[in-house]
Amino acid sequence: MIQTLAFYLFAALVIASAVMTITARNPVHSVLWLILAFFNAAGLMILIGAEFIAMLLVIVYVGAVAVLFLFVVMMLDIDFATLRAGFVKNFPLGLAIAGILLAELLFGLGAHSAGGLVLGTPDAATAPAANVPNIQAIGAVLYGHYLFLFEAAGVVLLVAMIGAIVLTHRQRNDVRPQNISEQVKRRPEDATINTRPEVGGGVKL
Amino acid sequence: MNWASSLRLVAAEEFLSVSGLVLLLVCAWAGDKSARLVTWLAVAALAVAGVLVAPALCGGVFGAEASAFYGQYAADSFSSFAKLLIYGAAGASLLVAPGFFERQGGYRAEYPVLALFAALGMGLMVSATDMLTLYVGLEMNSLAAYVLAAMSRSDDRSPEAGLKYFVLGSLASGILLFGISLTYGFAGSTSFDAIHTALVGKMSTGSLFGLVFILVGLSFKISAVPFHMWTPDVYEGAPTPVTTFFATAPKVAALALTMRVTLFAFGMQAQAWQQIVVAISLLSIVVGALGAIGQGNIKRLMAYSSINNVGFMLIGLAAATPGGAASMLVYLSIYVVMSIGGFVAILSLRDAEGNSVEKIADLAGLSRSKPGLAFVLAMVMFSLAGIPPLFGFWGKFVVFQSAVAAGLVPLATVGIAASVIGAFYYLKVVKVLYFDEPADKVVGSVDGVHAVLLYGSAIVISPIGYLFTGWLGGLAQSAAAALFHAA
């Protein structure tokens with residue numbers, strides 16, 4: 001009973017916040033509604049026992065993607081009024097695309113109920129162990145069975161990082177960066193001198 | 001699975017990644033001053049890795065004793081044959097890099113490190129016995145390659161080449177990944193062994209689509225027609241040492257990978273991929289030969305030549321026999337030596353200001369000002385055309401022989417006929433070198449390591465190379481046998 005209630009609560013909130021995302025006038029509000037939609041989708045995932053995907057939604061989508069959107073929306077000077085201007089004109093096209101998506105959904109459901117595809121049987125090596133939370137199961141596969149590839153993927157990321165730095169970083173001679181250790185090393189006696197200039201003689205620097 | 005034995009089998013990869021990390025630290029601390037030192041150390045690391053993989057080839061190991069990490073990786077004789085070629089080619093193209101980049105103004109110490117990681121990725125590609133290893137290795141190599149192509153700051157064509165390569169390469173990776181996921185869905189596993197046993201009998205439409213998408217992704221990487229569009233632009237735009245690298249090592253890796261995927265993973269479905277390979281191979285031969293005719297830039301010409309040569313190698317794959325695979329490996333080894341010789345010769349073509357000369361018209365009458373260089377370049381061209389008595393002929397000969405032995409007589413006939421078209425543009429270059437009025441553009445001299453590589457590869461592709469045919473053929477056969485152990 002409580003599960004059914006929770007499902008309808010989360011599902012209704014996902015749909016409501018999705019509608020608000022596209023109708024909100026202020027783009028910042030849109031992103032905030034989107035975050036609410038992500039949170040509720042995570043709730044739905046927990047209901048079906050996929051807690052890893054739920055955590056992923058919160059960490060990756062809310063923590064990184066939505067914040068990135070927020071930055072982009074706030075930093076770029078986009079005139080959303082002009083972006084929305086063609087709404088009525090493009091409405092039939094949008095409707096057509098929605099119709100195609102609906103047709104595909106129905107087609108997929110039809111194919112599924114007609115027997116579906118004959119897929120291969122998953123091999124036992126990476127099959128989830130019974131009665132284990134799925135975070136633990138994924139961990140066992142990722143850090144056990146696929147440890148070698150996990151490490152190799154780390155090297156791929158390292159290569160990407162080196163590449164990004166090599167292509168964009170260059171030594172520039174026209175800027176004067178701060179050198180903290182030089183600044184800390186500097187003593188008053190290096191920088192100031194006491195002189196006793198003669199009257200009318202001026203100071204030699 | 002035993003962790004200790006697995007870790008022992010991947011010794012070459014471990015050594016390469018650790019030395020890559022150490023060299024990265026060296027260039028982080030010592031800066032670009034250390035670039036030459038880092039280059040030499042990287043070449044030494046590749047040599048040590050070569051020593052580490054060589055025993056597997058000599059011992060002819062395959063199957064369970066070579067398999068590591070739950071069958072995701074195989075250190076068998078096939079992979080070590082390909083790795084020796086890859087490490088050798090990567091080392092040679094590293095050796096010629098410092099001179100070129102220092103003339104261009106600015107050799108970056110990260111260059112050899114990236115090349116080292118690219119070689120590591122290629123090692124994973126040829127050792128892959130799981131779709132995931134295949135993909136991780138391919139991406140490691142590709143990411144490093146995109147950066148290497150875009151590395152030259154002084155030449156606008158270089159970032160352009162890098163960007164083109166990156167965009168098209170990502171698309172190809174995506175297609176490959178889609179094919180892998182379809183295959184996984186229909187075979188139930190990503191392991192080559194399991195795919196081999198699962199996909200028997202008539203293929204379902206879904207798994208056929210998976211196979212086609214995988215072949216499309218791999219054809220892009222080996223630059224086979226119709227997925228070759230990027231090759232001339234990238235070869236022309238990338239700095240010449242990088243082009244040397246692209247034309248040799250990644251080509252070996254991608255072809256070896258294609259061989260393992262088709263002959264082993266889809267080994268029971270030969271009739272499904274054979275016609276695709278035949279079509280790709282014939283198209284590559286014809287388009288490579290016809291496209292090269294109009295080229296005025298020698299690097300673009302070499303790009304079309306590589307497309308053409310890949311077509312010939314694929315004839316060996318189309319045979320789908322151990323003999324065909326062995327002949328491909330023989331051709332591949334000879335092709336690598338010819339390419340290194342050709343590109344080192346191109347690197348040595350410099351005008352009075354030290355800039356590279358790339359226009360074929362500027363090479364007119366080179367035989368009178370630089371007889372040695374012109375002779376080697378002409379030899380490479382004759383050899384690429386497959387004209388006996390040069391060693392390039394032997395590669396074509398064994399490939400056609402295996403195709404005929406497998407009953408593909410029409411394919412071999414068309415291939416031989418098309419190789420005549422190819423001979424036209426190779427001979428055109430020789431004609432410009434020897435019979436045109438001297439342009440006297442090229443003045444640079446061949447020095448030090450360039451000379452060693454240039455004349456070394458000239459000796460191998462000269463008729464002296466035929467002394468190695470027995471030895472090379474034996475190694476290639478033992479390597480190819482590893483692909484067919486399950487069949």
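Any Cβ shown, glycine's included, is placed from N, Cα and C.
In TrEMBL, annotation is done automatically, which means it is predicted and not curated.
Feature annotation from TrEMBL assigns transmembrane segment to B:15-31 (among others).
Per TrEMBL, the feature transmembrane segment maps to B:38-64 (among others).
Summarising the annotation, TrEMBL assigns transmembrane segment to B:84-101 (among others).
Within the chain, the transmembrane segment (B:113-138) has long-range Cβ neighbours (under 8 A, six or more residues past its boundaries) at 12-13, 16-17, 19-20, 23-24, 27, 38, 42, 45-46, 49, 67, 71-75, 78-79, 82-83, 86-87, 90, 93-94, 97, 144-145, 147-148, 173, 176-177, 180, 183-184, 190-193, 195, 221, 245, 249-250, 252-254, 256-257, 260-261, 264. What TrEMBL lists as transmembrane segment is B:113-138 (among others).
For B:128-422, the entry in TrEMBL reads domain 'NADH:quinone oxidoreductase/Mrp antiporter transmembrane'.
As annotated by TrEMBL, transmembrane segment applies to B:165-187 (among others). If one looks beyond the transmembrane segment (B:165-187) by at least 6 residues along the same chain, the residues whose Cβ comes under 8 Å of a Cβ in the stretch are 131, 134-135, 138-139, 142, 145-146, 149-150, 194-195, 198-199, 204, 206-207, 209-218, 220-221, 227, 229-230, 234, 238.
Feature annotation from TrEMBL assigns transmembrane segment to B:208-230 (among others).
Annotation comment: TrEMBL describes B:272-294 (among others) as transmembrane segment.
Per TrEMBL, the feature transmembrane segment maps to B:301-322 (among others). Outside the transmembrane segment (B:301-322) by six or more residues, the chain places 222-225, 228, 231-232, 234-236, 243, 247, 251, 255, 258-259, 262-263, 270, 274, 277-278, 280-289, 291-292, 295, 328, 331-332, 335, 339, 342-343, 346, 360, 384, 395-396, 398-400, 402-403, 405-406, 408, 411-412, 415, 418-419, 422, 425-426, 429, 477, 480-481, 483-484 with a CB less than 8 A from a CB of the stretch.
The transmembrane segment feature in TrEMBL is assigned to B:328-350 (among others).
The transmembrane segment feature in TrEMBL is assigned to B:371-391 (among others). Proximity of distant same-chain residues to the transmembrane segment (B:371-391), defined by a Cβ-Cβ separation under 8 Å and at least 6 residues beyond the stretch ends, is recorded for 305, 309, 334, 337-338, 341-342, 345-346, 348-349, 363, 397, 419, 422-423, 426-427, 429-430, 433-434, 442, 446, 454-455, 457-458, 460-463, 465-466.
Among the features that TrEMBL reports, transmembrane segment is placed at B:403-427 (among others).
Proximity of distant same-chain residues to the transmembrane segment (B:448-468), defined by a Cβ-Cβ separation under 8 Å and at least 6 residues beyond the stretch ends, is recorded for 92, 95-96, 99, 334, 337-338, 340-341, 344-345, 347-348, 373, 376, 379-380, 383, 389-392, 394. Annotated transmembrane segment per TrEMBL: B:448-468 (among others), in sequence order.
Among the listed stretches B:272-294, B:328-350, B:403-427, the one sharing the most Cβ pairs under 8 Å with the transmembrane segment (B:84-101) is B:328-350. Long-range contacts of the transmembrane segment (B:403-427) within the same chain: residues 278, 281-282, 285-286, 288-290, 292-293, 295, 301, 304-305, 308, 311-312, 315-316, 318-321, 323-324, 381-382, 384-387, 396, each at least 6 residues beyond the stretch ends and with a Cβ under 8 Å from a Cβ of the stretch.
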